[in-house]
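Novice: The structure's right below; bear with me while I get my questions together.
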Amino acid sequence: MLKKGLQQSGIILVLYGISALFFYYFIRSGAPATMRGTDATGQFLYFKHLIRQLVEDGGLFWSWVYGLGGDVYGQFGYYYTTSISFIASLLFDTPTVDAILALTLPTLMLQVTFGMYIMFTLLRYKERSYLAAFLGSVLYGGSAFLANYAVIFDFMMESFMLLPLVILGFEHYIKSNKPYAFVITLAIVLFSNFYFAYMTTIFLMIYAIYKFFDEPRFTKSVKGFLQYVLTTSGYYMLSVMIAAVGFFPTVYQFLQSGRIGAEYELSLFFKDDTYARIPRWFFLSYQETGVIGIAMIAGVLLLAMFGLPNRQYLPKKLWLVTLLLLLVSPYVYSMMNGFSAMQRRWFYMLLFGFTYLAAYSFDDVIKMKRRTIVWLSVILLSIVYWSGQRTWSLQGRETEATDSMLIGFAIITVILLLLAMTQKVWLYRGATISIILIVIMTGMVQYHATFTALLGPQQDQKKAAEAFFTKPGFTNELALDIVSQINQRRTGMERTIWDDPSTEVNMSMYYGYPSSAAYNSLIPNNVHHFFKEQSKTLQPGTVSVYNNYDERLFLETLLGNRFTVVQPNARHKPYGYEQVYANKEWELWENQYALPLGVWFPNTAYVTESQVAPLTSAQQDELLLQSFIVKDADKSLQQQRSHIDLQDLQATTLKQGLAGVTVVNGTQQGNTFVMHNNGSIRIPFQKPKEQQGEVHVALTINKRDDSGFTMQMLDKKMTYLGKYNVWNYPKEQFHFNLGWQHKTDYIDVQLTEGTYTITEVRIDFLNYSHYVTQVEQLKKYPLTQITTTPHTLSGVIEVPAKGVVLLSIPYSKGWMATIDGQEVPLHEVDFTFMGLPITAGKHTITLAYQTPYFIESLGITVIGLLLLLLHYVLPLYRRKMQRVKGGE
C-alpha cells in the first residue's frame, strides 16, 4: 500500500513538473498568469475578491457593492461560488487583487496536473501501458486549447479537468456495476458549473452509447439497451439531486438573466475555408480562439486506429467518427452553447476524446506494419502543412516559424514511432520515452506561442503587468485615496459614480463602495432591461453590462447617488454637487441633494408603465421625484385615483425631425445618410435661454448593412457592435444627455463610415427649476437609522399617510420584508426597484435576502445524499441478514 502511494505521488510530482514547463512563460517572466484588458481582469479578478470578502463577512447571498446590489451565490455560480478549486483557494489569505493574482499561476498548474493525472489513471484503469498512459496525459495537458483558456477564462479550466474524472467514474461503474464513483464525480461536475455540466452531459450521453456497444457484458438488444439507459439515467438523476444546492439556484438565475442573444444565421455546412482551417485547429499553434493544438502524433495514431481489428476497435472508431461529425456541423456549435450563437468552448470534449483514443490505441498501433504508419504520416503532415501555409503570410514569420517547429517535432515523433515498432525492448522503451519527451516539448511550444500571441513577448510581461495593475480600479494610490475619503464621509448605503470611461466597470467590488455599474453575464433581466431600455439612458452596446446613468441628475438622485468622482479637466461637473476633496488625478464631488435608500410617496402619486412608455426621456426623468411607477397589472397599488397629471410636465421639445440637418463629409437623401471618413451630422436646435437643465438627444438609427458603428456627441461615444455580433445588445433608438452646460445651438453627431437610415431625431430639455423643491419634499419622510449586514437591511421611517416606500434596491424573489415584525408583500416599482406599502405612523422596516430556491435545493441535496447512502447500506444489510440466516 505504501509502495503504491509513493509511486502515485511520484507520478503526480512528475506531472506537476511537466505542468511547470508548460507555464514556464509566466514562471520566467514573473508576471501574473492572466490576460490583461479582457474579462479576466474586468470581471473574474473582481469576482474572486468580492466572493472572498463576502465569505469573510459571513454572507454569500447578496452584495451591496455589486453594482446597484445583487445576488451573489446564484448569479456568480457560473463563475466561482460553486467552483471546487475556488472554494479550496479560500484557505489562502488573499486580501488584495495582487495576492489573488499571485495565486492564479499555482492554481492553473495544479488544475492541469490534476487533469493529466486523471487521464493517466483512466488509461491505466483501461489496462493501457504506463508509456501509453503518460503519452495520453501529456497530449491532453499540453494543448493550445488549455493554454488559451487558462489565461482568458480561468474559471472554465475546472470543468475541462473534471471531464476525465467523470469518465473514470463512469468506467468504474460499467466495470464493477457499482455506481458510487460515477454518481459522486458527476455530482461534482453538476455542482461546479451548470453551463459546462450541460455540455458534459451531452458528451456523457454519447460516451454511454459507445460504452454499451463496446462493453461485452451488455446484452445487445433493444431490451438490454433500454434497461441500460434507464439504470444509468436513474443514477444521473441521483447526481442531479446531490448537486442541487449548487445547480438549481444558478440555473434559476440564468433563466432570470437579461442576456439577449444576437441574431445569427446557421447553415447546414461551414464555408470551405472553415474546413480548410480544421487541420490547423488540431495541430498547429494558436492563431484564433478555440484551437485544439495537440501534438501531431495524436493524429497519426487516430488514423492508424482505423487499421486495427474491428472486433476490438469498431465502437471506438464509431465514437471517433461521431466526434468528427460534431466538429464539422455548425448546428452543434450552437447546440453546445444552449442553442444560441456558435461557440468553440465545447472543444474540451474533442480534446479529451481525441487524446484518449490516440493514447488508448498506442499499444496496438506499434504492432502494425511500418509501411502503414509511413503513408498515414505523409498524408497527415501534407494536409497540416497545406492548411498552415494558407495563413502564414497573414499571421507573420513568427507563426510560420512556430508551426514549422511543430511539424519538425511531428516528423521526429513519427521516426521514433517507427523505431518503437521494433521487437527490441530497449529500443521500444527508448523510442517511446523520447516520443513522450517530444510531446512535452510540443506542449511547451504550444503554451509559449499561445501566451505570446495573447500577451506579447515574455520579457515585457513584468513591466506591462506592473503598469496595468497600478491603474485606477486596482492597486492605485490616488484612486485608493479617493475611496478612503468616500468611506470617511459615507454614513450608509449612499452610492458613488466614478465618471470616467477609462476605469473598470466592476471596480466597486474591489474598492468596496455601493455603485451603479456592473458587468456580469447573469445580470437579472429586470436590472438589465431597466438600464438598456426603460431608463432611456446611454449605455454600453454590449449585453450583460450597465454603467451609471449618463449624468442624468434626476435618476442619480432618486437612486441614492451621493458622490461623483471626475478628473480635474472633465467637461461635466455635476449640478448640485460640491467639491469636497481632490488629489493630483481625481476630484471628489458630493451631492448636496442626495436622497437615502428609501423614500416615501403618497399612494395617489403613481403612474403606470404604459403611461410612461411613450414619454420622452426628459419627461420620464421629471416624473421620477414626484411619483412612483407601477406595473399595469399591479392593481393593489392603484386602489385610489392617481393625482399625477402628465399634462403638467414641463420638459420641452427643442427639435423634432430632420429639417435643417446638414452633413459634413457625407451625403443625405431623405432619411438616408451616406457617411465618409470623419463624417458627421449637424443638428440645429433652439437653445433655451437663461435656464439650467439637461439637453437630451434621441436618435433612431440603423446601419443598412447591419454591421457595427460608432456614434459620438461631444465626448460621449456609443459603439454598436452589429446585428450579428455575439455580444451585441440589439436596439435602434439611442439617447444622449449633453448636460446642463451645453453652450452651442447645434449638435454634431459623428458617425463611422457607412450608409445609415435615421427615422427620428429629437432634442428635449429637462428644466431643473423644480428639482430642489421635489428633493426637499422627499427628504421630509426618509428611511433613517439604516443598518446593513451582507444580506439584510433595516431602517426606521415615519410617514403622515398611507403610501409606498420606494427602496432603490433591485427587486428579487429572494427578498422578504417585514414592517414592525409582520411580513408584508414587496412590489416591483419604477421598473426594477422595490416598493413597500405602508400606513401612517412610525415603522421599523426589515429586509432579508436569500438566494431563491437555495433552501429547497439544499433539501433536495440532503435527500439525494441519503438515497445514495441507502443504496450503499441496504445491500450490505441484506447480505448480513442472509449470512445470519445461513448461520442458523
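Glycine is no exception: its Cβ is also placed from the backbone N, Cα and C atoms.
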Novice: Under TrEMBL, which of the candidate ranges 336-354, 374-392 is annotated transmembrane segment?
Specialist: 374-392
Novice: Look at every Cβ pair spanning the transmembrane segment (100-123) and the transmembrane segment (6-27), keep those 6 or more apart in sequence, and say whether at least 3 of them are under 8 Å.
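Specialist: These two segments touch.
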Novice: Based on Cβ pairs under 8 Å, which of the stretches 130-152, 180-213, 225-248, 318-334, 433-455 lies most in contact with the transmembrane segment (6-27)?
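Specialist: The stretch with the most contacts is 433-455.
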Novice: Using Cβ distances below 8 Å and needing 3 or more such pairs, separated by at least 6 in sequence, tell me whether the transmembrane segment (130-152) contacts the transmembrane segment (374-392).
Specialist: no
Novice: Apart from its near flanks, which chain residues at least 6 from the ends of the transmembrane segment (853-874) lie with a Cβ under 8 angstroms of it?
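Specialist: For the transmembrane segment (853-874), the far contacts come to 61, 73-74, 179-180, 183-184, 187, 238-249, 252.
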Novice: Within this structure, do the transmembrane segment (318-334) and the transmembrane segment (225-248) have 3 or more Cβ pairs under 8 angstroms, counting pairs 6 or more apart in sequence?
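Specialist: Counting Cβ pairs under 8 Å (6 or more apart in sequence), the transmembrane segment (225-248) does not reach the transmembrane segment (318-334), since there are fewer than 3.
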